[in-house]
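Features as listed in TrEMBL:
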BINDING   C:R46  NADP(+) binding site
BINDING   C:N238, C:A239, C:G279, C:K294, C:P295, C:I296, C:A297, C:T298, C:R320  FMN binding site
Number of protein chains: 4
Amino acid sequence: MFTLGNFLTLSTFGESHGEAYGGIINNFPAGLEINFEEIQKQLDRRKPGQSSIVTQRKESDTVKFLSGIFDGKSTGTPIGFIVPNENQKSKDYDHISQYYRPSHADFTYDKKFGIRDYRGGGKSSARETLNWVIAGSLAKQLLPKGIKINAYVSSVGDIFCEKPYQDLDFSKIESNDVRCPDMETAEKMISRIKEIKKEGNTIGGTITCVLQNVPIGIGEPVFGKLQAELAKGMMNINAAKGFEYGSGFCGAKMTGAEHNDIFNEDGSTKTNLSGGIQGGISNGMDIYFRVAFKPIATLLRPQDSIDKEGNKVIVEGKGRHDPCVLPRAVPIVENLAAYILADLFLINKLRQL
Amino acid sequence: MFTLGNFLTLSTFGESHGEAYGGIINNFPAGLEINFEEIQKQLDRRKPGQSSIVTQRKESDTVKFLSGIFDGKSTGTPIGFIVPNENQKSKDYDHISQYYRPSHADFTYDKKFGIRDYRGGGKSSARETLNWVIAGSLAKQLLPKGIKINAYVSSVGDIFCEKPYQDLDFSKIESNDVRCPDMETAEKMISRIKEIKKEGNTIGGTITCVLQNVPIGIGEPVFGKLQAELAKGMMNINAAKGFEYGSGFCGAKMTGAEHNDIFNEDGSTKTNLSGGIQGGISNGMDIYFRVAFKPIATLLRPQDSIDKEGNKVIVEGKGRHDPCVLPRAVPIVENLAAYILADLFLINKLRQL
Amino acid sequence: MFTLGNFLTLSTFGESHGEAYGGIINNFPAGLEINFEEIQKQLDRRKPGQSSIVTQRKESDTVKFLSGIFDGKSTGTPIGFIVPNENQKSKDYDHISQYYRPSHADFTYDKKFGIRDYRGGGKSSARETLNWVIAGSLAKQLLPKGIKINAYVSSVGDIFCEKPYQDLDFSKIESNDVRCPDMETAEKMISRIKEIKKEGNTIGGTITCVLQNVPIGIGEPVFGKLQAELAKGMMNINAAKGFEYGSGFCGAKMTGAEHNDIFNEDGSTKTNLSGGIQGGISNGMDIYFRVAFKPIATLLRPQDSIDKEGNKVIVEGKGRHDPCVLPRAVPIVENLAAYILADLFLINKLRQL
Amino acid sequence: MFTLGNFLTLSTFGESHGEAYGGIINNFPAGLEINFEEIQKQLDRRKPGQSSIVTQRKESDTVKFLSGIFDGKSTGTPIGFIVPNENQKSKDYDHISQYYRPSHADFTYDKKFGIRDYRGGGKSSARETLNWVIAGSLAKQLLPKGIKINAYVSSVGDIFCEKPYQDLDFSKIESNDVRCPDMETAEKMISRIKEIKKEGNTIGGTITCVLQNVPIGIGEPVFGKLQAELAKGMMNINAAKGFEYGSGFCGAKMTGAEHNDIFNEDGSTKTNLSGGIQGGISNGMDIYFRVAFKPIATLLRPQDSIDKEGNKVIVEGKGRHDPCVLPRAVPIVENLAAYILADLFLINKLRQL
């Protein structure tokens, strides 16, 4: 209950200004040589302070594995890990202990639990996602080597990467600060984010993720469809407002004659509006989906709000905040997708006698 | 694993041309007077043959409760139910036992399981959703009386209901065959579906669902966010291609200054781009979301395809099929949303000492 | 939650005088040719009316599979089954609707749920175990052919089968009504049960179960130890009061020097006080355990009791009841053990890359 | 899967000579003032080195809470904790990296996982139980104040505490090193353990646990019976070989007329052979159960064994080991019982509307 994954389960803990984040992965198979550098590399892609268009907080975000690995290999027993928190400036949050920030979780946490760790958003902070990056990066190492999972920023505000993913060179994703592989669009996005930042404002956008060379058969018929598991995972990311795969919302405007993917003789399909999934199960074609992110709620300028007693107050973000969540969300989407895939991949191994 | 709900769990079974569908609901509280008529009414909204724009199959779809209810009241023990199948014309499907229909699950089931009940799509049939309507309608009866859950068809192909949900009269949803409460738009949608049907073609669309008077506090912080549970549920519906809530994909184009919902003094918000959820938890405002459905894959006209050996074949839908899934999906979305809400509603009762 | 099994999950429903019992098995692998006769045979071993020392109720207890099986083979999708109830004499129970029978669940169900189906014990009836026999018999068919699971009555009251299991011929278990393979002891047990029955009394006893040729590696390190899963399963059987495996309670009197099982060079052990399990994981030796059953609470003679208001009443069992649960519990223990083993067997397949 | 608890779930990690032990508790209600001293006190009861009859290892076993608690109160979000390992003498175990110790988990871990952290038994070490003591002690704080949970050593080898629990003064449990409240018996037990220790041998025994003032209604009808959950928990403790509750194995020798507990007019019962549970649900009477523990397998004297290749070797325990697990198992049993009770207590709150 409230873990990520069905068989390969991840439990997590941690608050923004608590002692540490961390998690436990259960049912990870034994005998895998762990690539620790790769995990740290993925964490580094998510961490604050990496470029001028993200928050300038400095945290080393170093993962420490505490169990389940011996002599560099997984032992088949629970893998525990932590990431100690550093450099919290809890003072920056004293002023909000009695305030509710607009479009934040302050109000709902207080009402639900009657208590809340308000420092840095506490449990509602997106810092939780570093647990998912660690677990996802580890889980990815379980998957067949050929599988490729690439996410990129496909829009920032009204600036869209118009090219279909097939025309993009994924090796360029890391070559710019915004993580859009179309260099021209990337530049526009970066300018837009810088403008927005200057205004103390924030901006939304979308991420597209493509999973290639996924074996046929991943996903479960009912209540475990691959797209549903992906949707659930992605919609748990802070600020996510929408999910679509394959033809998505565009597909809703089409007719069956336009939308059906006709087979080639080898079982592949001529088109791929289905997005690589039929009946909840991967069909061997590329899986692709898109996630919408709203603009971050913390603005570095004054906004009207209320305090716990319902009195009017003015709130203004202090501290170090992202003007746009998208660049740092790319590794989150990618590694989360890897985790979900690995979970269903293991389960699928038991589907035939 | 692979149930609906986290505490209030639903396990289901059934194939399109098997003996029966059915399910078991666990952890349903004792002492609820069950409104059986309401459950059957919801099932009737989903059943085939109810109008000229849906499939003309005739099935009574009558639910029979087998346990967990005594003297008309829930006993707190597992509720078992079945819906016997009737009127299957399995012969209609003999021709596809060796074929793979385009954009159907025939191919993926065969590859995944090495065996498939091909009659009527077997397990991949959307007939499974009658289980969800039953369970959802039952679960809804657990919820506080004031909660209102209304879904309606908000687009068919490129015909959109342009009015925001606030301007619609939900009591009109059932007044026309397509289940769009805007009568003018409904007429256009119906005409469009009739045209499409005549061509042996099919068409997609979207459903909007609105949950009103939901108490504050429903939804769990991590891996149990209300929007994620809704997304998972909805994306498990056959033909669903996308999910968005609140501002959704539009929100991804906005800035924080535009998107933030400013509080009133009573804790409600002036705008509701958040869609009634903050940090995964309901905030007392209307919850609204939209689901995209692709056009149904079965066309009543010839299409190129392949058989199990990869030989080219021509397939043509026989039997009785829907030209548009939308009208019958309305009660599915509504009752599924009710189920998910009831599950998280029960869990929330344990959130404070 | 509240299913049997961790990966291969069984949900069940049913009350003694309800419409039917039944269950759903999830995650059963595809492609298994089902031996239906074997399943019915196991059910028949459990059913009432089979001999003079068990209840004389007549129920055919015929299982009907509703899904998950096609052309005689499992399809990998949920397997639903039901057993319709017949021959209930609910009138026999009218007198207890307001009474609490001694050492029955009448009192606790009323207090817990505020409502109870009192007919035949409702949900608390041991008739629920027929679901487990069906699921267990099916699950056993997943296991490697060489595995042998035999349970037998090892004591009735103070009559004990003194021979160790190694000296017994399991093929004789079915040769007498009490299901003890030692024919001499069996006769004594049968005489004792007949005496007890004449008195309107009941009697307890123990069942020993032996699992042979179980592969090494079944069971999980923490919170999934093989003995713990067996204990949980067995202690869910109505009337079970104790569980021990290997040396059990006797082992608690021993020293390490006496108790340790010394290895042979092939990894087998010279003794087997461990009972075939080390650290929660099968070691390839025989697994054996013993379950204690209290005497059935329903006596066919008057007993003092109270009604719902706390007034003194006299209760006397009417209807048809077992004087001794042991003979019918043998197939329950055996098939339940098979189910638990099959669940952990599947999970173990994923333990190494 | 493989957590402790059904709603209040505990995931754990840790190996004997790894970096740390730890766990995550999910669904712990908000607003509880945590008594940290009490938790550490329970840990101290379990820790090594506390008396001359237990292992002389010195570890501070200090728990550190990392999340889910703010200003001394639970916040309703996941509670993460760790206990760093100290004072490991891994060198003591070098000699067993290639050996299989008799009646240890070395052999089964190697066969199951193909890899094993052999230092101090790795994952199979009973050191894991410190996680359960922490979680159990925390969970106990959720329960109504009046509930009393007391465990004590009721036998060591063939020395039995003959008095029924009703005649014992539980306040004396902590007054002697073996944790038997009958002082005379305690002395005999301590002498016996000292003798055994001198011989480099070990000895088994039993623990009795009594839960008093438990509200009526705790436990679930099927697959969640209170005794089954207790049995599962207890049988997961290292070295546990048997579990019985109420009349237990003795009850199997009795007749119904002897065994039935007749009601008083207030719903309590004159006798309590049922052990406070009817139909899996607490009935308000004392709950009592007994757990059998085998003698610890590590002897401080030479034993025949084999290495990984099947060659004969002599093994001899080095390092610091317990001659008898019983005294340190008392807080494990008590706190584990508290955890299981708290989990079912929370669930029971949702049983009636």
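Any Cβ shown, glycine's included, is placed from N, Cα and C.
Feature map: annotations from TrEMBL on the structure.
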residue: C:R46; record: NADP(+) binding site; DSSP class: helix
residue: C:N238; record: FMN binding site; DSSP class: coil
residue: C:G279; record: FMN binding site; DSSP class: coil
residue: C:P295; record: FMN binding site; DSSP class: coil
residue: C:R320; record: FMN binding site; DSSP class: coil
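Of all residue pairs in the FMN-binding list (C:N238, C:A239, C:G279, C:K294, C:P295, C:I296, C:A297, C:T298, C:R320), the one with the greatest Cα separation is 45 Å apart. Each residue contributes its Cα atom, and for C:N238 (FMN binding site) and the residue listed as 'NADP(+) binding site' those atoms are 14 Å apart. By the criterion of other Cβ atoms within 10 Å of the residue's own Cβ, the least surrounded of the binding-site residues C:R46, C:R320 is C:R320. Distance from the CA of C:R46 (NADP(+) binding site) to the CA of C:R320 (FMN binding site) is 15 Å. Neighbour density for C:A297 (FMN binding site): within 10 A of its CB lie 24 other CB atoms from the protein chains shown. Comparing the binding-site residues C:G279, C:P295 by how many other C-beta atoms lie within 10 angstroms of each C-beta, the top residue is C:P295.
Around the Cβ of C:N238 (FMN binding site), the number of neighbouring Cβ atoms within 10 Å comes to 23.
Each residue contributes its Cα atom, and for C:G279 (FMN binding site) and C:R46 (NADP(+) binding site) those atoms are 33 Å apart.
Note: the Cα of C:A297 (FMN binding site) and the Cα of the residue listed as 'NADP(+) binding site' are spaced 19 Å from each other. The two recorded residues the residue listed as 'NADP(+) binding site' and C:P295 (FMN binding site) have their Cα atoms spaced 18 Å from each other.
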